[in-house]
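Let me begin by presenting the structure, written as structure tokens, before commenting on it.
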């Protein structure tokens, strides 16, 4: 059958119905799975593969839920599922599961197989593989029983229901004999005769019920908050009375808050001796007494480091006899919380203010834009350009046109006209002061004045 092959569409629903966290059977989900599995032969095959995969789980609680789901599918899924169960692949997987399962799970599977062989698979010749499988397993169990212990095998064969029926039958017979109204002798004879056929009720009283185990005391290691109605809430250090510890993962117990289930790894055995009332009262007075730590304090980094070190080095499984000092340190550090929040807020405001100042300073140090330098550049360019010529017939502003005299001035003398083809005489260049002129030379003095910033003049 290959139960560890590809996944089937029933895997998710089957895992929910057989979860180890279920405290009871999810019959609504089980009936929904049965309706889907009985629709076709392929659906029945996929459902059986998913159930067998859960039967091979390592957790016995999952195996018990899977056995219940398999029994419900056989009873409600119809012929398609019956044909898948009555196959050689299922027979091989069933024999392997019975051989490897725990005794309680193996007994549950054998009881389900016996029910199928005597019910749904009894009269159909196509389903005779299940009755033959039951006969083989019963024969193998019968062969092993004498070798092990005959008395123990007989005690396991007779179920509790059969014992109860025998006891009720014996009581009914004894009651009918008392009500018949027979004489003392007849009653004695009847009792003697009945003693040979039926067990005597007076001589064999029913066994007394086993006394319930005394509750165990455990101490909580961690806080546990109930998420369901059937769970128990407790705090670290509280005492819990355990009434049922058969399950390795979830125990049942009670405390002053109520009764319910809780994780087994959240508690430990109550190893320490019970505290005396005097010691308990003294610790309560110490806890409630006002201390110097209640006064207004400042932020102390050393106290924070000490509290963190104490928390890291604390052992939750150790007795809490000396836990008062760490508790006081932790409470003192917790009271510093508002001061730390205020200091962080001040630091945030200061950081925001400095960030804004930095942005403003960067904006102020940026270079000036280029349009501010354009007027100066235009002025320098105007000084370098030659003066514009006056238009024809008009003089430029501040100038006198040729041939006209200005106000208060004599008209300039016109240059003599030259005959055609004659060039004007070349203008004699001005004489310059020689480079090695004596210091008392007028030319040297004029040259020094020109070098000092005065008007630049040349010797004639």
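Please read every residue number as a count from 1 along the shown chain.
Using the three backbone atoms N, Cα and C, a Cβ is placed for every residue, glycine included.
What TrEMBL lists as domain 'VHS' is 17-145. The DSSP breakdown of the domain 'VHS' (17-145), given as helix, strand and coil counts, is 100 helix, 0 strand, 29 coil.
Positions annotated as domain 'SH3' by TrEMBL: 213-272. Here the domain 'SH3' (213-272) has a mean pLDDT of 86 out of 100.
Marked as region 'Disordered' by TrEMBL: 269-296 (among others).
Marked as compositional bias 'Basic and acidic residues' by TrEMBL: 272-291 (among others).
Summarising the annotation, TrEMBL assigns region 'Disordered' to 367-460 (among others).
Per TrEMBL, compositional bias 'Basic residues' is recorded for 369-383 (among others).
Under the heading compositional bias 'Low complexity', TrEMBL lists 384-416.
The compositional bias 'Basic residues' annotation in TrEMBL covers 427-449 (among others).
Taken from TrEMBL, the feature compositional bias 'Basic and acidic residues' covers 450-460 (among others).
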- Message: Please list the DSSP helix, strand and coil residue counts for the domain 'SH3' (213-272).
- Response: 3 helix, 29 strand, 28 coil
